[in-house]
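The structure under discussion appears below in the form of structure tokens.
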């Protein structure tokens, strides 16, 4: 179908922004529909995965419940056998484990029934719960028969438990078959959902390809072709050719670009004419400026020579004043260092005094503790005397018991062995008591020697403290004298520094004036050179303007 003239005019005036808006809107709608479809498919898949997971959990709950129920009955049987063998403690543990397993299996069955919402599972789950209650009752009867040690009652309830377990196994098989069929049904539904999603994705892909082709055709016809034409105009303008006029194309963004390009071409033509006029005026002004700058440069050179002589004289005076200031500052610094050393010595003496006092107090405390230790050692010796007396009496009693056992003959042999062991223990206790008494005697002697040594250390520490206090008083006098010397040196250094500062300020001002004079001379020289360069640039500018084709 060939587009009519009105249609072509409409496309020429169609805003690129509007066209791109429609294209992007179609793409956005396609993307939105694709996203919604994918979201719907994902929700369906999530539901199916959840159902499969619940089905698997139901099978696990059912199998674990039956396994724990079987283990509960097995523990009761083991407990019954152990109780018959006289192992009551082990049988009790078996009974407790059976109760725990029965409670866990009951919880799993209740959870299975609660989650069995399908009609096909609901009836079987209810029957399973009732049958499990019968089985739990039979196992409880086994535990009761075990506690009563009734073999007849145990075999009776054991038969009931076996029958209930048989029905539970049959129900488990039916439930597992039903759950498996439900899982297969979910997988078939998932396959059908996947096929629908794939077909929908292919359709959306076809729509996207068609939209992409239409978008490319619009961009190639309404954007790329006009931009190539505009690029040709830009290349000609960049090369200096302004002779080819720019024609407008429509009222859209590309048309506005061509209108602005036309305005730029005309503006460059006007600018080139103005530049040509300005170049002639600059040539005349540069000649006059060159003469004025030559005269200014000569005057500034003479002024710089006179300032150089004045700056040299002030620099020599500044050097002398700074030497005086440095000597005063050096003296002040030396005095300050002496003051710091004196202060440091005073602090160290103060720390020595505090340390000596603390050491004296600690030695006195240690001496008191050692005195307490001596008393405690004496108390321990008294306790050991009592223990030794008790062991001697125990030895005598064991000897009497051995004699009585010997009189009893064969009937008292076991008692004689015990009496002999008691006598041996009493003998060992007596020997250990003697060894401890010897060690306590050594500790007591060492402690008394330590107390005497502590007392001597206390006396020496007190003497050291008195000497340190006297040294601190002497250092305090030295510190005060150094402080007065430091204050006087600071006054001298401050006065010398003020004089040096004034001299430096004068020297700096003269140097600044000389620097400004040099800068002015250099500026005049640069201005002269710039005026000459400006004359050359005027010629070059005229030549450049001549290169353009208007």
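Every residue number used here counts from 1 along the chain in the order it is shown.
Using the three backbone atoms N, Cα and C, a Cβ is placed for every residue, glycine included.
Positions annotated as topological domain 'Cytoplasmic' by Swiss-Prot, on the basis of a curator's inference: 1-19, 220-550. The annotation transmembrane segment is assigned in Swiss-Prot to 20-40, 199-219. Annotation comment: Swiss-Prot describes 41-198 as topological domain 'Periplasmic'. Annotation comment: Swiss-Prot describes 71, 72, 73, 74, 75, 76, 77, 78, 135, 142, 158 as L-quinate binding site, evidence class experimental evidence. Taken from Swiss-Prot, the feature salicylate binding site applies to 71, 75, 135, supported by experimental evidence.
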> Same-chain residues six or more away whose CB lies under 8 A from the CB of residue 77 (L-quinate binding site)?
Replying inline: 142, 158
>> Can you tell me how many other Cβ atoms are located within 10 Å of the Cβ belonging to residue 71 (L-quinate binding site)?
In response: 17
> For the topological domain 'Periplasmic' (41-198), what is the mean per-residue pLDDT, to the nearest integer?
Replying inline: 77
>> What whole-number value in Å do you get for the largest C-alpha pair distance within 71, 75, 135, the residues recorded as binding salicylate?
In response: 15
> 73, 75, 158: which of these binding-site residues has the sparsest Cβ neighbourhood within 10 Å?
Replying inline: 158
>> Applying a 10 Å Cβ distance cut-off over all chains shown, what neighbour count does residue 135 (L-quinate binding site) have?
In response: 27
> Going by DSSP, is residue 135 (L-quinate binding site) part of a helix, a strand, or coil?
Replying inline: helix
